[in-house]
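Here the structure is laid out as structure tokens; the discussion comes afterwards.
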Amino acid sequence: MIFGATGDLAKRKLYPSLYHLFNKGKLTKRFAVIGVARRPLSHEDFKAHVKDSVLTSIGSNDNIDEFVSHFYYQAHDVTDSDSYMALKKLADDLDGEYSIDGNRIFYLAMAPEFFGTIAEHLKSDGLTDTSGFKRLVIEKPFGHDLPSAQELNERIRTAFSEDEIYRIDHYLGKEMIQNIEVIRFANALFEPLWNNRYISNIQVTSSETLGVEERGGYYEKSGALRDMVQNHMLQMVALLAMEPPIKLTTDEIRSEKVKVLRALRSIKDEGIKDYFVRGQYGEGQIDGKSVSGYREEHNVNEESNTETYVAGKLMIDNFRWAGVPIYIRTGKRMTAKSTKIVVQFKDIPMNLYYSMDKPLAPNLLVIHIQPEEGITLHLNAKKSGQGMETTPVKLNFSNKSVDGMNTPEAYEKLLHDCMRGDATNFTHWDEVALSWSFVDKISDIWESTKDTGFPNYEAGTMGPRAADELLAKDGFFWWPVTNLDVDNC
Ligand code: NAD
């Protein structure tokens, strides 16, 4: 059952993903999808809507009529028990028709204020009372701070146990995010070096060129810290920094990630300004076109102090990482759309090739998350010709060039995982709670300091100058995201 079936997420991501799974044979014929939303629609109208969504986003129509024949629709008011009774009746009928054995997945692709209410009704109106499995898939944001996340969690836990709750962080469905574990734990080359003896710093960048578009109202209350750092950025850090799990099971992996979040140095009060920088874009140029500043965007307060950019220095106080800064930055209206991780290795103890005019470049491992997918290893080699001059070289693996356009989208993988009952790539409550408690300390200070100096970076740049100073005071600089590209190698 997809709650929010006429919404943007369902249209752009969920139906195309289900269609892919169907055509790849990963969905048996024994499935039915009930679309649930406010407006009245017939089953036939809804099937046409799903068909249109698939055709618009994929452009293929193989087996499309057979696929949409599995879709049904229920007009619904999320606060009204009668709606849930009607939904239960339809679900029970389809259970019999498709021999589904009472297995149910409830996907909440709706505004988060409804999550608690829907979960409670699913229980009180009997939809969770089923002979098969029951799973709840929840979109972000999961609360807007720790207390609200706790309250939401308590409400959904009245109807679902922790192992039945699949909290989506779509970054965890991305091919190269899942690859972090493999790169680390399947290569003798990296794991022995993956610690404070050999790594000088790690940089995680997730930049966008887009502004807030139509989401000004939502973004005003969220900002980059809540929208990106609390979930996606901290999840990437946890995967980069965790200890090898004893097995690749959901519980073992999650418990290692939780340990990283517990070891994050807690920064509060006066200390925040030494570790975190916030920014907001002013007007500027993107791809040669003038764009307006954040405060001029639709549904945004003209004196808004909401941050559209965050840079931070994270310290993980454990044996492996003591002394290694992990820098993160994320923002809107930046120079390039790019998500990348740069692992910078320490300089070798003695440089035989050093000359004052040309220091040796450090070794870098770059993990390209999006839009390109791949890995680049930056090494030094001998410049061809006479003499022993060194030159930087790049070893490059591009996932796209191997897999073509067939890399499954994050939602496709996550939906499939949920159907199989594999919650590894979803966030556990402990991760959510620890991330909120880390981020809340920063937002508390930022919200009480109104003198922000916003806007403080021009659209089309890589953020405020203070973000460069954050690294410069440790003797580092941000590796540029653009000329590290796989395609340029
Ligand atoms: P949307 O506004 O496009 O769709 C909302 C849906 O909820 C519609 O189908 C609407 O009919 C239904 N709805 C609203 N009020 C209702 C009510 N009282 N009773 C029954 N149905 C009701 O929203 P969206 O963009 O699809 O986002 C849904 C969720 O997914 C949100 O939590 C959002 O944060 C999250 N999300 C969206 C995207 C995206 O790309 N759109 C990406 C990541 C996360």
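Glycine is no exception: its Cβ is also placed from the backbone N, Cα and C atoms.
For the substrate site, TrEMBL gives HIS170, LYS174, ASP227, LYS332, LYS337; the one candidate out of GLU208, GLU252, GLU307 that the record lists there too is GLU208. Remark: of the binding-site residues ASP8, ARG38, VAL78, ASP227, the most isolated position is ASP8 (fewest other Cβ atoms within 10 Å of its Cβ). Taking a Cβ distance under 6 Å to any atom of ligand 1 as the criterion, the binding-site residues THR6, VAL78, GLU208, ASP227, LYS332 reduce to THR6, VAL78. For the recorded site, VAL78 (NADP(+) binding site), the DSSP three-state label reads coil. Only HIS232, from the recorded positions ASP8, ARG38, VAL78, HIS232, place their Cα within 10 Å of the Cα belonging to HIS170 (substrate binding site).
Rounded to a whole value, the Cα-Cα separation of ALA10 (NADP(+) binding site) and GLU208 (substrate binding site) is 23 Å. Other C-beta atoms found within 10 angstroms of the C-beta of GLU208 (substrate binding site) number 18, with every protein chain shown included.
Comparing C-alpha positions, GLY4 (NADP(+) binding site) sits nearest to ASP227 among the binding-site residues GLU208, ASP227, LYS337. For GLU208 (substrate binding site) paired with THR6 (NADP(+) binding site), the C-alpha to C-alpha distance reads 27 Å.
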